[in-house]
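First up is the structure itself, then whatever we jot down about it.
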Amino acid sequence: MTPDDLLEEFRAAGALLEGHFILSSGLHSAVFLQKMAIFSDPVRTERVCAGLAALIRARYGAVDIVVSPAIGGIVPGYETARALGARAIFVERDPGGPFQLRRGFSIPAGARAVMVEDIVTTGLSSRECLAALKAEPGEIVGAACLIDRSGGRADLGAPLVALATLDIPNYPADQLPPELAAIPAVKPGSRAMKAS
């Protein structure tokens, strides 16, 4: 799957939105990628995650385990693991706490794991997920995502491959361009934010 193929999947699903959005990172953007419009369609999800699995194979070789951050990463992580013939596990957190492997999940010695995300903006969830895996005896070979909207600038502390890399501007609330400030903001994301 090419980057253009993936973006066409987002367009066809009505998942490429324009307006004024508050992202889960707290940053503001004129573009929002509504991944759940993709993941609510099992056939489309299978197609895009098979593309991600092919990219993972090409970059990292065989992997045994796909790890994703809950909740948003569970569906693409599971479907990518299925395409790779790997096991799917996830990290989760108590409210306000760090990510951790629970439910008996582990990355045993000798296992090769990749962290799979849906969309990377700042890389915060990915970094937190990878930090939770450092104590595991298995090898974390790298990270992968459907879309890196940071233009390749997000530093995860691990190699990252993306089906598509976009350079979508994001702004702190106090640095909005006038055309964005003129549009009422909506918050379609999933991560809880602290009131400012």
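For all residues, glycine too, the Cβ spot is worked out from N, Cα and C.
The feature 5-phospho-alpha-D-ribose 1-diphosphate binding site is assigned by Swiss-Prot to Glu117, Asp118, Ile119, Val120, Thr121, Thr122, Gly123, Leu124, Ser125, with sequence analysis given as support. The orotate binding site annotation in Swiss-Prot covers Thr121, Arg149 and is backed by sequence analysis.
The structure, with features from Swiss-Prot marked on it.
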residue	record	contacts (Cβ under 8 Å, 6+ apart)
Glu117	5-phospho-alpha-D-ribose 1-diphosphate binding site	Ser68, Pro69, Gly73, Pro76, Ser125, Ser126, Cys129, Ala143, Ala144, Cys145, Leu146
Ile119	5-phospho-alpha-D-ribose 1-diphosphate binding site	Leu33, Lys35, Cys145, Leu146, Ile147, Asp148, Arg149
Thr121	5-phospho-alpha-D-ribose 1-diphosphate binding site	Leu23, Ser24, Ser25, Leu27, Arg149, Ser150, Ala154, Asn170
Gly123	5-phospho-alpha-D-ribose 1-diphosphate binding site	Ser150, Ala154, Asp155, Leu156, Leu160
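Every protein chain considered, the tally of other Cβ atoms within 10 Å of the Cβ of Ser125 (5-phospho-alpha-D-ribose 1-diphosphate binding site) stands at 26. DSSP assigns Arg149 (orotate binding site) to coil in the three-state reduction, outside any helix or strand. According to DSSP, Ser125 (5-phospho-alpha-D-ribose 1-diphosphate binding site) is assigned to a helical segment.
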